[in-house]
Amino acid sequence: MNDRKKVYYFKKKEIPYFIAYFLMAFSNVVIANSYLFGENRYDICVFVQYISCILFIVALCTGKYKLRDLIVRGLIGIIVIFITINLRSTEFGVYSLAIIASLNIDSKRIVRFNVISNICFIVSVVLPALIGIIPNDIYIHEGKKAYALGFSYYSNIPYMVLVVTLALFWLANSQKKEKIVLITSIPIQILIYKVSTTRLVLGIYCVFMVAVLLSRLLNTNKKHKVLIFFSAIMFPCAAIITFLISIYYTKNSFFMTLNKLLNNRLEFNARAFRMYNISIGGQKIITSNGGFDADYVNHYFYVDSGYVYTLISYGIIFFIILIFLYSFLFQKAVRDNEFKLAIWCLVICIFSVINNIMLKIPINPLPILALDAFTKWNAGKKTKVRLE
């Protein structure tokens, strides 16, 4: 059978994709991490994620493809579902499908949709909390009151607003819009810090602002070879350094102090490496929200580092793929003098040391941009070879 004669075409590929993306983001941001859906929110979240997975598969198989390409996409979807079942993590499945199914869809539209959705989600949770419809939990963080504003934890809003700011800055298509984003973000970040007391997120935001100011000094008409080199190795180096410091932090007083400043994140990373073996296919990490024993000691366990969590939970193969995609996008952005995108990559690279943000597609759509950039580069390379 001639493969060229078999072409399948379905219109409106974007419709199932954006519906699936909305459900995925809604399930993660609103259902699972706020009080709007009550005690059964986790069961509802899983149900919505399954619907989202089905719609992503529909989007994945929708479009104009040769039979071979259609089969390949179907097999990819089956593999993702198999790994999801193995890990017992619907999140991994829906996030992976969101990345894969984004091919042939304008990535800028996806980012814009992501920003609008998350702003609406934040407002839909914060307003009911402020007027007393849902709980507004108050935590004591470093001796100060930290308000969750309807979310399940006080740090939810700060890191969401941070990534929304990064995306809005990247989407701004004029210097005037860029200035508006930067100027308005300053009082917003200060207010969020006053409400949530998350100094680490505020610190990452300061890194973002400094990077923006320094980027203004760069000549956009020349290649910056040193920056290109460092952009290619930043993500793997950050991952390796995070692993080593986490494992050996107890042998150095400076890193022990750093562990305290990072709210025991290095200790939790080290505990994760002791509790779980690194495998090819990954394994589910069991976290604990806490509980007091007979001596009134609060026991809780979580892995906040994106590098550590991705390696242990999703396995070596997926970790390498994700690091490669991030590194490719970072280097390409610097090589093409797309400094706004490069700054976004830089911030996520640093933030991933202390936050599991790398594969949080509902919040951080950067892996979608990375896959889009790589496939376009690969297609252009093949076209160039054929022309030669």
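Indices start at 1 and increase along the chain as displayed.
Using the three backbone atoms N, Cα and C, a Cβ is placed for every residue, glycine included.
Under the heading transmembrane segment, TrEMBL lists 15-38 (among others).
If you look up TrEMBL, you'll see 44-63 (among others) marked as transmembrane segment.
Away from its own ends, the transmembrane segment (115-134) comes close to residues 21-22, 25-26, 29-30, 34-36, 148-151, 157, 160-161, 163-164, 167-168, 171, 362-363 of its chain (Cβ-Cβ under 8 Å, at least six residues beyond either end). TrEMBL lists 115-134 (among others) with the feature transmembrane segment.
As annotated by TrEMBL, transmembrane segment applies to 146-171 (among others).
Marked as transmembrane segment by TrEMBL: 191-214 (among others). Same-chain residues lying 6 or more positions outside the transmembrane segment (191-214) and placing a CB less than 8 Å from one of its CB atoms are 141-142, 144-147, 149, 154-155, 157-159, 161-162, 165-166, 169, 182, 185, 262-263, 343, 346-347, 350-351, 354.
Feature annotation from TrEMBL assigns transmembrane segment to 226-249 (among others).
Residues annotated as transmembrane segment in TrEMBL: 307-329 (among others). Remote same-chain residues near the transmembrane segment (307-329) are listed as 83, 87, 89, 92, 231-236, 238-239, 242-243, 246, 269, 272-273, 276, 278-285, 341, 345, 348-349, 352-353, 356, 358-359, 366-367, 369-371, 373-374, 377 (criterion: CB distance under 8 Å, separation of at least six residues from the stretch ends).
The transmembrane segment annotation in TrEMBL covers 341-359 (among others).
Proximity of distant same-chain residues to the transmembrane segment (15-38), defined by a Cβ-Cβ separation under 8 Å and at least 6 residues beyond the stretch ends, is recorded for 44-45, 48-49, 51-56, 58-59, 62, 91, 94-95, 97-98, 101-102, 105, 110, 113-114, 117-118, 121-122, 124-125, 128-129, 134-135, 150-153, 156, 160, 360-363. Under 8 Å from some Cβ of the transmembrane segment (146-171) lie the Cβ atoms of residues 29, 32-36, 108, 111-112, 114-115, 118-119, 122, 125-126, 128-130, 134-140, 178, 181-182, 185, 188-189, 192-193, 195-198, 201-202, 204-205, 208, 212, 340-341, 343-344, 347-348, 351, 355, 357, 363-365, all in the same chain and six or more residues away from its ends.
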